[in-house]
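*Asks:* The annotation serotonin binding site is assigned in Swiss-Prot to 100, 279. Residues annotated as disulfide bond in Swiss-Prot: 93-184. Taken from Swiss-Prot, the feature N-linked glycosylation site covers 7, and the record attributes it to sequence analysis. Residues or ranges marked as topological domain 'Extracellular' by Swiss-Prot on the basis of similarity to another entry: 1-19, 79-92, 158-188, 284-290. Sequence annotations record features per position, and here Swiss-Prot assigns topological domain 'Cytoplasmic' to 45-54, 118-133, 213-257, 315-406. Summarising the annotation, Swiss-Prot assigns transmembrane segment to 20-44, 55-78, 93-117, 134-157, 189-212, 258-283, 291-314.
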């Protein structure tokens with residue numbers, strides 16, 4: 001969100017050396033955000049497996065919002081900050097400020113929706129997740145991420161609601177005494193500061209904390225259940241062991257994904273919390289926060305727009321593979337290996353603690369065949385195809401049965 005870019009009445013501007021350093025830093029931040037978010041969008045569009053994951057719809061929309069922040073907001077802000085002047089007129093100042101509030105709030109809302117999606121995926125039954133996260137509901141959530149921020153951006157800013165009671169202060173701050181020019185100044189009164197900060201940051205932050213806390217508790221319970229299943233299956237037959245191994249892998253994958261998103265949320269809090277705390281405090285202390293503090297907190301928040309793609313690359317294996325394929329021009333080394341005996345999984349109903357149907361792909365006489373069998377899996381784990389090479393007694397029984405039927 002844009003904030004007062006120059007407090008000329010009580011602060012000195014940046015020196016020549018500082019401007020060169022800042023311009024270099026801003027250029028790196030903007031370039032990193034543009035390339036990184038474009039890479040995320042292209043990766044999901046090209047990778048069919050990434051498109052199958054519902055969470056990635058939010059990630060693509062988030063990348064688009066962060067891309068617009070870099071192109072439409074950061075670039076103009078960097079030019080104004082370095083040159084100590086706003087060239088583009090009062091109307092475009094209002095548009096740019098409104099876009100700033102809209103896009104950064106939309107980015108925060110997307111992170112909140114991602115945390116809720118992961119909560120339903122990990123803490124609820126798979127059937128409950130499918131029923132709740134329908135294509136229609138996902139579309140409504142994505143629409144809300146873009147529409148709701150308009151009510152705290154374009155609507156109040158274009159109507160001047162944020163200026164009520166502080167017009168004189170804004171007029172003093174807009175004028176640059178050194179160059180007889182003006183700045184694009186965005187100041188907010190107390191009601192707008194509280195409303196905007198609560199809607200754009202504090203409510204999403206609270207929802208994310210609650211969601212990730214429940215994810216942590218559920219993942220911890222699942223880890224204990226998996227250990228119990230592994231100990232109980234140590235002396236059992238191979239088929240239950242295979243199911244337990246499959247359940248363990250599934251839960252570890254979900255838990256790792258949750259940890260990745262927790263890191264993303266942690267970076268988001270580190271980047272945006274200083275700004276939103278100051279945004280509420282400043283109107284109550286007569287707007288005495290120094291310009292350079294505002295600049296630092298504002299651009300710390302902007303850095304978050306370029307940080308998310310690199311978090312995906314380093315912490316998410318699927319995205320890392322997709323990025324390598326794109327950057328290495330479809331190098332075959334990074335493509336997913338084909339799955340032998342790939343078939344449609346058996347129809348299952350997954351209920352907490354109930355019996356599930358799993359499909360095994362086994363080798364019989366040099367041919368891969370798919371079969372279904374019942375097994376007890378850990379709670380909240382949906383049945384998926386399992387490929388295994390059966391034991392000798394399995395091969396003997398299954399092949400002899402096939403010969404007798406023929």
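The chain as shown is numbered from 1 upward.
Placed from the backbone N, Cα and C atoms, the Cβ positions cover glycine too.
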*Asks:* As a test: from 20-44, 55-78, 93-117, 258-283, 291-314, pick the stretch that has the greatest number of Cβ pairs under 8 Å with the transmembrane segment (134-157).
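*Replies:* Comparing 20-44, 55-78, 93-117, 258-283, 291-314 against the transmembrane segment (134-157), the winner is 93-117.
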*Asks:* Suppose you look only at the topological domain 'Cytoplasmic' (213-257); what would the mean pLDDT be?
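*Replies:* Computed over the topological domain 'Cytoplasmic' (213-257), the mean pLDDT is 68 on the 0 to 100 scale.
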*Asks:* According to DSSP, does residue 184 (disulfide bond) fall in a helix, a strand, or coil?
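*Replies:* Going by the DSSP assignment, residue 184 (disulfide bond) belongs to neither helix nor strand, so it counts as coil.
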*Asks:* Taking the Cβ of residue 93 (disulfide bond) as centre, how many other Cβ atoms lie within 10 Å?
*Replies:* 21
*Asks:* Over the span of the topological domain 'Extracellular' (284-290), count residues by DSSP class, listing helix, strand and coil in order.
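*Replies:* For the topological domain 'Extracellular' (284-290), the helix, strand and coil counts are 1 helix, 0 strand, 6 coil.
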*Asks:* Between residue 93 (disulfide bond) and residue 100 (serotonin binding site), what is the CA-CA distance rounded to a whole number of Å?
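*Replies:* About 10 Å separates the two Cα atoms.
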*Asks:* Compute the C-alpha separation of residue 184 (disulfide bond) from residue 100 (serotonin binding site), stating it in Å without decimals.
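*Replies:* Distance between the two Cα atoms comes out at 12 Å.
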*Asks:* Based on DSSP, tally up the residues of the topological domain 'Extracellular' (79-92) by helix, strand and coil.
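*Replies:* With helix first, then strand, then coil, the topological domain 'Extracellular' (79-92) has 9 helix, 0 strand, 5 coil.
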*Asks:* What number of additional C-beta atoms lies within 10 angstroms of the C-beta atom of residue 184 (disulfide bond)?
*Replies:* 23
*Asks:* May I have the DSSP-based helix, strand and coil counts for the residues of the topological domain 'Cytoplasmic' (118-133)?
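*Replies:* Split into helix, strand and coil, the topological domain 'Cytoplasmic' (118-133) gives 13 helix, 0 strand, 3 coil.
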*Asks:* List the helix, strand and coil residue totals of the topological domain 'Cytoplasmic' (45-54) as derived from DSSP.
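*Replies:* So the topological domain 'Cytoplasmic' (45-54) is made up of 7 helix, 0 strand, 3 coil.
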*Asks:* Same chain only, please: residues at least 6 beyond the ends of the topological domain 'Cytoplasmic' (45-54) with a C-beta under 8 Å from a C-beta of the stretch. Say none if there are none.
*Replies:* 60, 117, 133, 138, 318-319, 322, 325-326, 336
